[in-house]
Structures are given as structure tokens and as C-alpha cells.
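S.K.: Structure provided below as C-alpha cells; questions to follow.
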Amino acid sequence: MRIGNGYDVHRLAPGQKLVLGGVEIPFECGLIGWSDADVLTHAIMDSLLGAAALGDIGLYFPPGDPKFKGISSLKLLEQVTALLAEKGFGIINVDSVIVAEEPKLRGHVDTMRKHLAKAMGIDPGRVGIKASTSEQLGFVGREEGMAAWAVALVDEK
């Protein structure tokens, strides 16, 4: 078995869509990025790639590549999952935390878990998501952005 960690952060801006865990969440601001800027899914992908010692998402989906402009991060997660399978790895579980002051995310967590689990081909019971704040400290506390951390456990088949 192997463990990997992932982290991502994106800026918030008015007029952008907010997508977390593949779920569009109603909010006056969204995250800025080359893809859909899904900070949670990006952290999960990095944790999976790290567990398999396969680099990070920037290696496979570089910012600036027109193929990935505005793409759903769930589609990228499907590709990461396929890469792991090709290299002989299976996903046991992932656990994650999103750090944001607003909006409140508790009501969206189950839907996020289902979307992420489907993209990874695992049961939603193997996907942990927690939402937290930074107690109004730092860039997250000033509502300038959001961050996410993830841990993945994979096994070699």
C-alpha cells in the first residue's frame, strides 16, 4: 500500500463559477484557473499521483494547454484514475478537507462524494470530504481564495 498527499489553492473572483468536487455551487464568486479550478478535485488528483510516484497534475494537464481550458476536473480525475490502473494501482480510499469561509458547504458534501467516487470508480463510502474555515485568518479568511488538502491510499495490484 502507498499513501499520497495533495494540496491546491485557487483565487476567488466575482463572476466565476464555483465548482468543488464536480458540483457547481451557487455563490457570488468562483475560483479562477485554467480548467474549472476545482480545488478539491485537483488536491485529490495530486494525492493519487503522489501515492503512485507519478508526479503531479501539472505534468499531465499543464496550465496554458488549450486542450484543458475550462475542462471539468472530474474528466481529468477519470484520466488520472485510468493512469493509475495502467500502472497497476487501485484506489482504496481518499480523504480531503476544503478550507473556505463562505459559502457553507455541508449541504453539498454528499453530492461531491458521489461525483468524485464515480470518477474514480470506487464506492462513495471510500471518499471522505470535510469542510472547514480558517477562522478568518490568512488569504482564505479574507475570502481571497480557497484551499484543499487530500490524502489517498492506493494498493499495487
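Positions of Cβ are set from backbone N, Cα and C atoms, glycine also.
Model, not experiment: these values are computed from the prediction.
Pulled these from Swiss-Prot:
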- D8, V9, H10, D56, I57, G58, S132, T133, S134, E135, F139, R142: 4-CDP-2-C-methyl-D-erythritol 2-phosphate binding site (BINDING)
- D8, H10, H42: divalent metal cation binding site (BINDING)
- T133: site 'Transition state stabilizer' (SITE)
S.K.: If one measures from the C-alpha of T133 (site 'Transition state stabilizer') to the C-alpha of D8 (4-CDP-2-C-methyl-D-erythritol 2-phosphate binding site), what distance in angstrom results, rounded to a whole number?
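M.R.: Checking the Cα atoms of T133 (site 'Transition state stabilizer') and D8 (4-CDP-2-C-methyl-D-erythritol 2-phosphate binding site) gives a distance of 15 Å.
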S.K.: For the recorded divalent metal cation site, enumerate neighbouring residues of the same chain (Cβ within 8 Å of the Cβ centroid of D8, H10, H42, site residues themselves excluded), in sequence order.
M.R.: V9, L31, G33, A37, D38, V39, L40, T41, A43, A147, A148
S.K.: Around H10 (4-CDP-2-C-methyl-D-erythritol 2-phosphate binding site), how many other CB atoms lie within 10 A of its CB?
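M.R.: Around the Cβ of H10 (4-CDP-2-C-methyl-D-erythritol 2-phosphate binding site), 19 other Cβ atoms lie within 10 Å.
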S.K.: Cα distance, H42 (divalent metal cation binding site) to H10 (4-CDP-2-C-methyl-D-erythritol 2-phosphate binding site), nearest Å?
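M.R.: Here the two Cα atoms lie 10 Å apart.
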S.K.: Cα-Cα separation of H42 (divalent metal cation binding site) and S132 (4-CDP-2-C-methyl-D-erythritol 2-phosphate binding site), in Å?
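M.R.: On Cα coordinates alone, these residues lie 17 Å apart.
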S.K.: Across the listed 4-CDP-2-C-methyl-D-erythritol 2-phosphate-binding residues, D8, V9, H10, D56, I57, G58, S132, T133, S134, E135, F139, R142, what is the farthest Cα to Cα distance, given in whole Å?
M.R.: 30
S.K.: Are there any residues in the same chain, six or more apart in sequence, whose C-beta is under 8 angstroms from the C-beta of I57 (4-CDP-2-C-methyl-D-erythritol 2-phosphate binding site), and if so which?
M.R.: H42, M45, D46, L49, L76, V80
